[in-house]
Amino acid sequence: MASKIGSRRWMLQLIMQLGSVLLTRCPFWGCFSQLMLYAERAEARRKPDIPVPYLYFDMGAAVLCASFMSFGVKRRWFALGAALQLAISTYAAYIGGYVHYGDWLKVRMYSRTVAIIGGFLVLASGAGELYRRKPRSRSLQSTGQVFLGIYLICVAYSLQHSKEDRLAYLNHLPGGELMIQLFFVLYGILALAFLSGYYVTLAAQILAVLLPPVMLLIDGNVAYWHNTRRVEFWNQMKLLGESVGIFGTAVILATDG
């Protein structure tokens with residue numbers, strides 16, 4: 001009996017570490033995909049979301065925070081720094097007005113950014129630590145969970161009001177309109193769980209199971225988003241990387257919630 005409990009605990013710790021790896025490496029992929037995206041725009045004489053001098057500082061801060069988080073050095077402080085850096089850069093890109101996106105694409109982009117910020121706040125609370133030396137900050141974790149709930153509300157909203165997202169589900173998932181409504185209800189219930197703070201572990205476990213097929217069939221269908229919906233290739237790859245980071249957050253909360 002004790003050996004079964006020990007092996008189960010070991011497996012949960014291994015899965016939790018996997019979630020931490022996916023989340024802490026997310027900024028590296030974000031910076032790489034942004035560099036590739038802005039290189040493509042430069043060839044077409046188009047501007048990046050953030051002016052170039054500030055862009056280098058922004059990416060430098062992201063890589064710095066990601067590096068320290070990855071090595072586990074002052075992870076809580078640098079996770080908080082990563083959340084702050086991402087919030088500032090997103091706000092700067094939004095008010096800059098250098099690039100104009102469709103409303104449906106803004107919802108997809110900014111909702112994922114909110115979820116990643118929430119993931120960093122969860123990490124800053126002490127969740128996902130293999131050997132926790134300090135007590136966990138419940139306020140930071142609750143705030144991060146609220147951000148995840150906001151993301152899920154945005155996803156549910158897109159399923160009802162964005163024809164681009166609806167077609168992505170209709171074309172690549174069986175069940176048609178019934179499947180869309182089931183996903184809408186499921187996203188709504190999960191959002192309520194994260195926003196209220198009740199059944200968070202169960203909600204995170206369901207989300208961790210739900211996200212991989214959605215990432216593979218919906219976000220991973222680059223041909224649909226790039227060729228049909230004219231989403232820039234590296235922008236879609238950035239969104240896909242953020243979905244992986246959100247999955248990492250769900251795994252952390254599912255195993256250490």
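Quick reminder: no glycine exception, Cβ is built from N, Cα and C everywhere.
The feature transmembrane segment is assigned by Swiss-Prot to 21-40, 52-72, 77-97, 110-130, 139-159, 182-202, 206-226, 233-253, with sequence analysis given as support.
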Candidate ranges 21-40, 52-72, 110-130, 206-226 - greatest C-beta contact count to the transmembrane segment (233-253) (under 8 angstroms): 21-40
Selected stretch (most C-beta pairs under 8 A with the transmembrane segment (110-130)) from 21-40, 52-72, 139-159, 206-226: 139-159
Distant-in-sequence neighbours of the transmembrane segment (52-72), which means Cβ under 8 A and at least six residues beyond its ends: 21, 24-28, 30-31, 34-35, 38, 78-79, 81-82, 85-86, 88-89, 92, 123
